[in-house]
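What follows is a set of notes on a single structure, which appears directly below.
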């Protein structure tokens, strides 16, 4: 079953009163303020406010506060790029609207402007409205999803919503409604994200590639947020260290809390350590906890914990593959099938909930077999755990404990396990073989 919009709104409303935490103290006062004017109302929603927005970011690029006015609508018909920011607060108290003309947006992307908002610089804070009716970026992605050709996962020339590269910064009350595709590429150091909302629920076509946060950096936390989408809620990419994803609710047709994909380019050495995913509710998703790397990849991912994860109607609650495939991507060059992105010190602890037995999978399947079933023998959709290690030495010190996952059919939970050897994984918690899940 899928969560309806009223249910989603209930979850969103429940998060508003939660404490946001103390903001970072700026090194220097933000003594200048740029309040952005809007022509939306006077033009009956037809005028482009992008020039006024660009002007504000140019005038207030340092030690400033840039304000989208409370309850005011803004048309952002052209991409905004501000890469020279320093000690700036972006205060989004109104609502932003991307163009609804698909062809116009595609032409902009084809011209080389692939990201709609690009922000870069130290201490760049995003502060959305406390009022849940405001602070939204409206991308009108539903029309894009519905226009996607049958049996295709890649509608051409879709923009990324936002690239955000900063340090010593916070993002609070970020809200994205119907993103066309990817939401936020987040890069940097010492960044806290809290009370974010991504609503990519669809009434028609599947919302392909609507990732919540694609993360690359150090000391980054994402907490107290809701993401209902059609791809990873969070995807941790290389290099990344000390990442926390906690107290969040994710779902719709989500691809869960993911690491990767890694190793597609075997010359790109993966380097990821110290990740913690904790106290997360996962609803109606394809995956909950996922690791994905390509065979032939290189590198190391170490010290990863998923803990206290609650699943409701999830197809693959725990999923590891070191032989990932992407139905919309191809590889070039020589691939060594015995090379892997090494995994070491992984823990899955205190998982509880239900496995989607009756209607497994999601709308991202456009191939036969479905991309997410490739290489899995005799799927029953009672699998609590799927571990696909590429070689007998590529998975080390895996640990499971407190796994209480149950198929909706009330059959016994099962496991698919390949090459996670007992010698390298003495605390795995079950025998690595395909069949009924029997915890030790």
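Numbers run from 1 along the shown chain.
The backbone N, Cα and C atoms fix where each Cβ goes, and this holds for glycine too.
Residues or ranges marked as active site, proton donor by Swiss-Prot: 231. Taking a C-beta cut-off of under 8 angstroms and a sequence separation of 6 or more, residue 231 (active site, proton donor) has the following same-chain neighbours: 207, 208, 209, 210, 211, 212, 254, 255, 364.
Every protein chain shown contributes to the tally, and the Cβ of residue 255 (active site) ends up with 28 other Cβ atoms within 10 Å. Under the heading active site, Swiss-Prot lists 255.
Positions annotated as N-linked glycosylation site by Swiss-Prot, on the basis of sequence analysis: 84 (among others). Proximity of residue 84 (N-linked glycosylation site) to non-local residues of its own chain (separation of 6 or more, Cβ distance below 8 Å) is seen for 61, 120, 121, given in sequence order.
DSSP assigns residue 151 (N-linked glycosylation site) to coil, not to a helix or a strand. Other C-beta atoms found within 10 angstroms of the C-beta of residue 151 (N-linked glycosylation site) number 9, with every protein chain shown included. Per Swiss-Prot, N-linked glycosylation site is recorded for 151 (among others), and the stated evidence type is sequence analysis.
For residue 219 (N-linked glycosylation site), the number of other Cβ atoms no farther than 10 Å from its own Cβ, over all displayed protein chains, is 17. The N-linked glycosylation site annotation in Swiss-Prot covers 219 (among others).
Around the Cβ of residue 271 (N-linked glycosylation site), 15 further Cβ atoms fall within 10 Å across all displayed protein chains. Following the DSSP three-state reduction, the secondary structure of residue 271 (N-linked glycosylation site) is strand. Under the heading N-linked glycosylation site, Swiss-Prot lists 271 (among others).
The DSSP secondary structure for residue 313 (N-linked glycosylation site) is strand. For 313 (among others), the entry in Swiss-Prot reads N-linked glycosylation site.
The N-linked glycosylation site annotation in Swiss-Prot covers 434 (among others) and is backed by sequence analysis. The DSSP secondary structure for residue 434 (N-linked glycosylation site) is coil. Taking the Cβ of residue 434 (N-linked glycosylation site) as reference, residues of its chain lying under 8 Å away and at least six apart in sequence are, in sequence order, 377, 378, 414, 415, 416, 417.
Summarised by DSSP class, the composition of the repeat 'PbH1 1' (188-210) is 0 helix, 10 strand, 13 coil. As annotated by Swiss-Prot, repeat 'PbH1 1' applies to 188-210.
Taken from Swiss-Prot, the feature repeat 'PbH1 2' covers 217-238. Mean pLDDT for the repeat 'PbH1 2' (217-238) in the predicted structure: 99.
According to Swiss-Prot, the repeat 'PbH1 3' annotation covers 240-261. Outside the repeat 'PbH1 3' (240-261), and at least 6 residues removed from its termini, the chain residues within Cβ reach (under 8 Å) are 2-3, 11, 200-201, 206-207, 212, 215-234, 270, 272-294, 301, 304, 306, 312, 314, 324, 326, 341, 362-364.
Among the features that Swiss-Prot reports, signal peptide is placed at 1-21.
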Rounded Cα-Cα span from residue 313 (N-linked glycosylation site) to residue 151 (N-linked glycosylation site), Å: 25
Cβ neighbours of residue 313 (N-linked glycosylation site) where a neighbour is any other Cβ within 10 Å: 21
Distance [Cα-Cα, Å, rounded] between residue 219 (N-linked glycosylation site) and residue 313 (N-linked glycosylation site): 32
Inter-residue C-alpha distance, residue 313 (N-linked glycosylation site) and residue 271 (N-linked glycosylation site) (nearest angstrom): 33
